[in-house]
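Swiss-Prot annotations:
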ACT_SITE  169  active site, nucleophile
ACT_SITE  344  active site, charge relay system
ACT_SITE  376  active site, charge relay system
CARBOHYD  66  N-linked glycosylation site
CARBOHYD  273  N-linked glycosylation site
SIGNAL    1-20  signal peptide
């Protein structure tokens, strides 16, 4: 299998040949630089979690239109990326197609989060990424520490007491889990929760994570020997095997199929902007820990939403019991709007209907939107997403604010 750098060069060369232009400068830009490239203001904030991770937040405080609100304050919309992703997800399409720009132009104060261990959140008060302890976490810690820290920072800066949350993939899993663990009313900071490609169970998942779950038994002790400890960077022979197994028979460019993001989420889409693919690949994957990937694999085998399984001895130490506990989504009590696709590899429609919808309190599910011909990445990069998803959410939030909610 070609190395990541070789894949990048191949995709870049193909794009330059096919579309007749040099490499797009956005491939080397940061999220704030992309935002400013299109004439929008970009602000950067650091926030430190209770366990010492320093997360970088990106903000578009206003757009290119003059929108006034009854109380003089712009509603805050917080967008949280998915697995192996970053804040760039919301800005790498054109301004007329990217969620962050559309919401900014609609008059919202847009905040983009970055989970620990991705491109923008590689700092800790005491640890360095070269330390194995830096990577000792999964999405358990993201929901416990990262979400509260980021959201409370956005509210502190804007002087507001609640906001509207849009999550994609892991950004939904962590929010469902955070709300299910809420014992002190923290959930009141979330006015409405818009869940794109929502994840609860991944029992019926397809792609790379399904391959790993099937290939190795639950009792397998060599996860970290295979994947490496620390940042998730699989060995070449592993990804070669996965690529051949997952991508066999699919009509996709080899460079795209080699990309771990598409191996996880599904490479087939009929609504991606082909000219932007080199930019997608340049910014994604954005990094996570091996332990986080192992947690996802455990979820595939578990069939529900378990906390990280440390093994019998480790579970007794962390949870006070031998068996790993699971999150209880029936306790989620904020208004939820679901947007899920019939062609999604990671947020499989069967998992949405058979698990998520049966575990959420029906009174909290305000909308349940099934979208046709949507795969996992179409929710953030699909050309139909503005009309099918972003514009309806913009209207929902606007009406909520104007009605004084």
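Keep in mind that glycine also has a Cβ here, set from the backbone N, Cα and C atoms.
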Counting only residues 6+ away in sequence within the same chain, which have a CB under 8 Å from the CB of residue 376 (active site, charge relay system)?
82, 169, 197, 265, 266, 341, 344, 345, 346, 347
So among the recorded positions 66, 169, 273, who's got the most Cβ atoms within 10 Å?
169
Counting across all protein chains present, how many other Cβ atoms fall within 10 Å of the Cβ of residue 344 (active site, charge relay system)?
26
Any idea what the Cα distance is from residue 66 (N-linked glycosylation site) over to residue 273 (N-linked glycosylation site), rounded to a whole Å?
29
